[in-house]
Ligand code: HEM
Ligand SMILES: [Cu+2]
C-alpha cells in the first residue's frame with residue numbers, strides 16, 4: 001500500500017469523468033414498488049424502521065390514554081381488572097422493547113452512514129432482516145390484545161405470577177416468545193452498529209475525531225451485547241419452565257423467583273441507558289450545531305458516555321431493594337446508583353456551557369432540547385431520591401415511581417428524539433417540517449407532560465400504588481388523577497400535531513430546505529443521494545464542515561475518496577479501527593428477497609410457538625433457515641477484481657481474509673453475545689446452589705464418574721484439533737482432507753454433546769425434580785443447541801467447498817465457522833468442568 | 001507511523017472500567033456468598049470476614065486503577081506506538097477513565113466499614 005496524501009492535495013483530481021457518477025447511480029439505484037421489500041439500503045430501511053417505531057409508539061401511547069381514562073375518576077369501569085393488566089403490560093413492553101430501543105437503533109441505521117460518510121454500514125442485509133423481523137413480530141404482539149390473550153404480568157414479567165401455576169393461559173408465552181425474539185433483532189442491529197462505527201469511518205477520522213453521537217451508539221451497542229443475553233436467557237428459562245416443568249423459579253423444588261429478577265434487571269437497568277445514551281448523543285450533536293460552537297469538554301463527554309455504559313451495569317439490584325437482600329450488598333448498589341449520576345451531570349454541564357458560550361438559534365429542536373434538560377434533570381433528582389434505600393422502601397411500587405420513570409424516559413429520550421426528528425428531517429429528502437406547528441407541538445407536549453406526570457409524585461407519596469385498575473373515592477386522590485388524565489390528553493394532542501406535520505411533508509407540503517440549514521459542522525450535512533455522498537471526504541477534525549468551508553463542494557464534485565463505483569457494484573471503503581486508514585474495498589449486498597423472507601418466517605415460527613402450534617412451527621422454522629442460507633450463499637465473493645485506486649494514493653484490494661475482514665468482526669461480536677449468555681447460565685447454576693444447596697448432590701454416588709468428564713473433555717479437544725487441521729488443509733488447498741476433517745470433527749462434537757445428557761439420564765437425574773436437575777440439563781441442552789447450529793454451518797461450508805467457492809484465497813466463510821467452532825469447544829469444556837467438579841468441591 | 005493492534009489499545013483504554021467491573025462483581029459475590037452460607041459470624045485477623053475481604057479487594061482494585069492512571073500520566077499508556085493524534089486522545093481517555101474508576105471503586109467499597117454484612 002502507498003503512503004497517505006500530504007495535507008494540501010485533494011485525494012482525487014478534478015474534474016471527474018462523466019461515466020463515474022453514472023456508474024455510481026446505477027449501482028445504487030433503489031428498487032421501486034414491491035421491490036421495496038427487497039431493499040437493503042440503510043437510507044431506505046432506516047426511514048421505514050423509524051416510521052414503524054413511531055407507529056408502535058402511537059399504539060402504546062393510545063393504550064396509555066385508555067388507562068388514564070380508566071383512572072380519571074374513582075371506581076371507573078372503562079377497563080376491567082384483567083384488561084387493565086394486559087394494557088399496562090403491553091404499554092410498558094411496547095414502549096420499552098418495541099419503541100424505545102428500536103427507534104434509537106433505527107435512527108442509528110439512518111444517521112450513522114451519513115455521519116461516517118460511508119456508502120452504507122457493513123451488513124445492510126442484516127439490518128433489513130432485523131427490521132422485518134421486528135415489524136412482523138411487533139404487529140403480532142399488539143394483535144394479541146385484540147384476542148385478549150395479551151401478557152398481563154407487567155413489562156418485567158415477574159414469576160411466580162407468570163409461572164404456569166398462576167398464568168396457565170398463553171398470555172405469558174406471547175411475551176416470552178414474542179419479545180424474546182425481537183431481542184434477537186436488537187442484537188443484529190447492534191452488531192451492524194459496532195462493526196460499522198469501527199470499520200467504515202472515512203479516511204482520516206481517527207479515534208479522536210469520531211462524532212460524539214457515534215460514540216454514544218458504540219456504547220449503546222456494546223451494552224446491548226452484554227445486557228440483552230441476560231434477558232434472553234431469563235425468557236428461555238421461564239419458557240422452558242412453563243413448557244417442560246423444569247423448576248428454575250419454583251421455590252418448592254429449589255428454584256428461586258429472585259433468579260428471574262437478577263437476570264431481568266441485569267438487563268433491565270442497562271436498558272434504561274441503552275435508551276438514554278443515544279438520545280444524549282443526539283443532544284451532543286444538536287447543541288453545537290444550534291449554538292454554532294464546538295461542544296465544550298468533548299473528550300470528557302466521550303469518557304462520561306463510556307463510563308455510564310460500564311457503571312450502569314452495577315445498578316441492577318436497586319430494582320430489588322425490597323426483596324430482602326443483605327444490607328451491605330444493597331449499599332453497594334445504592335452507592336453505584338448515586339455515582340452514575342456524575343457522568344450524566346458532566347454531560348449536562350457540557351451542554352449548558354456550550355449553549356451559554358454560543359449564540360443560540362431558536363429552532364423547534366432548541367425548544368425540545370430545553371424541555372429535555374428541564375424534565376430530565378427533574379427525573380434525575382427523583383432518581384437520586386429512590387436510590388436512597390429507606391426512601392425507596394416507602395415509595396416502592398407507588399405512583400412516585402411511575403412519575404420518576406416517565407420523567408426519565410420521556411424527558412431523557414422522547415424529547416431528544418423529537419428534537420432530532422425536526423433537526424435531521426432535512427437530511428432525508430431536503431424538506432423541512434413546519435417551525436410553527438413544531439412549536440405548538442412542543443408546548444402542548446411539554447405542558448401536557450408536566451401536568452400529567454407531576455401530580456403522580458404527589459399521589460404516590462399519598463399512597464396510591466402502581467398497577468391498580470381503580471381506587472375508592474375517599475382517599476384524596478381524585479383531583480390529582482383527573483389532572484393527570486387531562487395532561488396526558490394534552491400531551492397526546494402535541495404528538496398528534498407532530499404526526500400531522502410529518503404527514504404534510506409526506507404529501508409534498510414541506511418547505512424545501514437550504515443546504516445545511518442549521519449550518520452544522522458534521523458530515524451528515526453534505527448533500528447526499530441513494531449512494532450517500534458523491535465521494536467520501538478526508539476528515540481532519542471533529543467539525544470538518546466548519547474547518548473547511550469548501551469541503552462540501554469538493555465532496556460533491558468527487559474530489560475525495562471513491563468518487564465512482566470502480567467494480568460496478570455497491571461498495572464502500574473499510575478502514576482500520578484506530579487510525580482510519582483505508583484497508584480494502586468492501587462489496588455490499590444489493591436488494592434481495594432472502595432477508596425479507598427470513599424475517600417473515602422467523603416471526604411466523606415464533607408466533608406458532610407462542611400459540612402452541614409446535615409441529616406447524618417447524619415449517620416456517622425450516623423455511624427461515626433456508627432463506628438465511630440463500631442470503632449468505634452469494635456473500636464472500638473472493639477477490640474477483642484487481643486492487644482499485646480509491647484516491648489519495650491508496651490502491652486497496654477488494655477482499656481481505658482473516659481477522660481484518662468485517663464479517664470476522666461481526667462473528668466475533670456475536671460470540672461476545674453468546675459468551676455472555678453462557679455466563680448467565682453459569683451464574684444461574686451458582687446462584688441456585690447458593691439459595692438451595694439442599695437439592696445439590698452430596699457425595700459422589702449420585703454423580704456420573706469422572707471418566708465421563710475426561711472422556712467428554714477429550715472429545716471436545718479432539719474436535720477443536722480437527723478444526724485446526726482443517727484450517728491448515730484449506731491453506732494448502734487440500735480440499736478432501738479439509739472435508740474429511742470437518743465431517744469427523746462435527747461427528748465428534750455431536751458425540752460429546754449427546755454424551756452429557758445421556759450419562760445424566762443414565763445416572764438417574766430428572767430435570768423436573770429439582771432446580772439442580774433443571775440447570776444441569778439446561779447447560780447440556782445449550783451445548784446441543786450449539787452443535788446443531790454447527791452441523792448446519794458445516795454443511796454449508798462443505799457445500800461451498802464442493803461449489804468451488806472455498807479455497808486458500810477465499811476462505812472468509814471458513815474462518816467464521818472456525819471461530820464459532822472453537823468457541824463451542826471451549827464453552828463445552830468450561831460447562832463440563834462446572835457441572836462435574838462444582839458439586840465435588842462445594843462446601 | 002506504525003499500525004496499532006486494536007484489541008490491545010482498546011482494552012487498555014477500557015482497563016480501568018474493567019477493573020471497576022471486576023471489583024464490583026467480586027465484592028457483591030463475596031458478600032452474597034458469605035450471607036448465603038451464613039459465614040458472617042467468622043472472624044479474619046480479628047475483624048468480620050466480610051469487612052476484611054471486601055476492603056482487601058477494594059485495596060487491590062485501587063492499586064490496579066492507580067497503576068493505569070500512572071501509566072496514562074507518565075507515558076506507558078496504550079497507543080504509545082500510534083500516530084500522534086489518536087495517541088493524545090487515547091492517553092487522556094485512559095487517564096480520565098482511571099481517575100473516575102478510582103473514585104467509583106472507593107465509593108463502592110467504603111460501605112463495608114459502616115453497614116452490617118448480612119443483617
Ligand atoms: C404518552 C405518554 C404516556 C402516558 C400517558 C403513560 C402512562 C402510563 C400509565 C398510566 C402506566 C401504568 C401505571 C400503572 O398502572 O402502574 C404506565 C406504565 C408504564 N409506562 Fe407509560 N406512559 C406514557 C409514555 C411512556 C413512555 C414513552 C415509556 C417508555 C419509553 C413508558 C414506559 C412505561 C413503563 C415501563 C410502564 C410500567 C409498566 C408496568 O408496570 O409493567 N411510558 N404509563
Ligand atoms: Cu434501574
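The backbone N, Cα and C atoms fix where each Cβ goes, glycine too.
Between the stretches A:20-43, A:44-67, TrEMBL puts its transmembrane segment entry on A:44-67. The transmembrane segment annotation in TrEMBL falls on one of the ranges A:126-147, A:148-169, namely A:126-147. Of the Cβ pairs linking the transmembrane segment (A:272-291) with the transmembrane segment (A:738-755) and spaced 6 or more residues apart, fewer than 3 are under 8 Å, so the two regions do not touch. Long-range contacts of the transmembrane segment (A:775-799) within the same chain: residues 237, 240, 246, 248, 625, 629, 632, 678, 681-682, 684-685, 688, 739, 742-743, 745-746, 749-750, 752-754, 756-757, 760, 765, 767, 806, 813-814, 817, 820-821, 824, 827-828, 831, 834-835, each at least 6 residues beyond the stretch ends and with a Cβ under 8 Å from a Cβ of the stretch. Below 8 A, the CB atoms of the transmembrane segment (A:126-147) and the transmembrane segment (A:437-458) form no more than two pairs separated by six or more positions in the chain, fewer than 3 in all.
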